[in-house]
Ligand SMILES: Cc1ccc(CCc2c3nc[nH]c3cc3c(=O)[nH]c(N)nc23)cc1
Ligand SMILES: [Zn+2]
């Protein structure tokens, strides 16, 4: 309902494409990387810094925000944009994945999922309709359908039952969305089916038959091997309509991003850049740099000599290593800024490469420097 998607240029030698997603809170150039903001913030970053580094859209977390600060506060704030003072697009997950990865004693049935809060053990029940209602209160620009993400490995019969229930849940969520969501909100369907191609095909056919605004590939980056991820990614992506945004959930490292965009994915998210920053690791053009190591105690060069970000223009490896070593919060901040900037800049370079029909060349150049 809310978003409009345009494909601007398709790469001649791969399925990669440049596009733009128009939303009520601004345009999102694709392929894009989306920083994850779980508790109403992209950890350690202010919204001014996110804006300065070139973030175009951030992710909010339905499960976490529902538990704290809760929907009463969210409604009084007028939604997450106002609450956190971020005036660009926000995408929210539906909460199902977080229930399964975080809460205790979940019980799943046809109607939804009963779970206990990982914070205080209180009992809650999420249904497809409840998930959309919470995402309405958050007032996110792009919402996700309520799904079950089955971990890997899982047996065929369970994945089949789960995938078919997720399709029934998607229909319920879409009906509720049409009735209750704000006009500027959009809703994505999520394709499941585990590592089984026949189930992936059935899920893709039935999910794309519903008029969602975009489609996600779910059930990946949950413990499968890189080969399995790429195999399912390359099998499933072409089954999604070309004229709508495609989102590969939970991805990832630079190679997973390149493989996703090469397959025709437009959007990706991952907690990786801020998570590894908090334990003293930087993503650089020449691979990962564990800057907390003593080797960098007297290294006064930037994290990445080819990076023009705020951190690399102003601080040395020695200083950042010192901050991490004495557990100073600024250490995590400077590393988070650089890691997020690096992935956002990589996406900008990928968009440029696609415009010039040299995506594969750029990928090879990046891989050889990175050490893949
Ligand atoms: C704030 C926020 C955090 C995380 C996410 C994506 C979370 C995520 C996955 N992460 C890795 N693999 C994933 C698979 C799924 C999935 O199959 N379904 C859903 N709804 N989310 C997933 C979205 C938003
Ligand atoms: Zn940098």
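Cβ atoms are placed via backbone N, Cα and C, with glycine included.
Just so you know, TrEMBL annotations are computer predictions that nobody has curated.
Per TrEMBL, the features are:
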DOMAIN    15-370  domain 'tRNA-guanine(15) transglycosylase-like'
ACT_SITE  93  active site, proton acceptor
BINDING   93, 94, 95, 96, 97, 147, 192, 219  substrate binding site
REGION    250-256  region 'RNA binding'
ACT_SITE  269  active site, nucleophile
REGION    274-278  region 'RNA binding'
BINDING   307, 309, 312, 338  Zn(2+) binding site
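Annotated features, which come from TrEMBL, shown on the structure.
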residue : record                   : DSSP (3 states)
94      : substrate binding site   : coil
147     : substrate binding site   : coil
219     : substrate binding site   : coil
269     : active site, nucleophile : strand
307     : Zn(2+) binding site      : coil
338     : Zn(2+) binding site      : helix
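Long-range Cβ contacts of residue 94 (substrate binding site) within its own chain (separation 6+, distance under 8 Å): 62, 131, 135, 143, 144, 145, 146, 147, 173, 190. For ligand 2, the binding-site residues lying close by, meaning a CB under 6 A from one of its atoms, are 307, 312, 338; the full candidate list was 95, 97, 307, 312, 338. Each residue in 302, 303, 304, 308, 310, 311, 313, 337, 341, 342 lies on the same chain as 307, 309, 312, 338 and has a C-beta within 8 Å of the C-beta centroid of that Zn(2+) site, without being one of the site residues. Of all the recorded positions in the record (93, 192, 307, 338), the one with the smallest CA separation from residue 269 (active site, nucleophile) is 93. The most crowded of the binding-site residues listed here (95, 96, 219) is 219, judged by how many other CB atoms sit within 10 Å of its own CB. DSSP gives residue 192 (substrate binding site) a coil state; it is part of no helix or strand.
A helical conformation is recorded for residue 312 (Zn(2+) binding site) in the three-state DSSP classification. Cα to Cα, residue 338 (Zn(2+) binding site) and residue 93 (active site, proton acceptor) are separated by 25 Å. For the pair formed by residue 219 (substrate binding site) and residue 93 (active site, proton acceptor), distance between Cα atoms is given as 13 Å, rounded to the nearest Å.
Of the listed recorded positions, namely 93, 147, 269, the sparsest Cβ surroundings within 10 Å are found at 269. Counting in whole angstrom, residue 192 (substrate binding site) lies 40 from residue 312 (Zn(2+) binding site) by their C-alpha atoms. Of all the Cβ atoms in the protein chains shown, 23 others lie within 10 Å of the Cβ of residue 97 (substrate binding site). Each residue in the region 'RNA binding' (250-256) gets a DSSP state, and the totals come to 3 helix, 0 strand, 4 coil.
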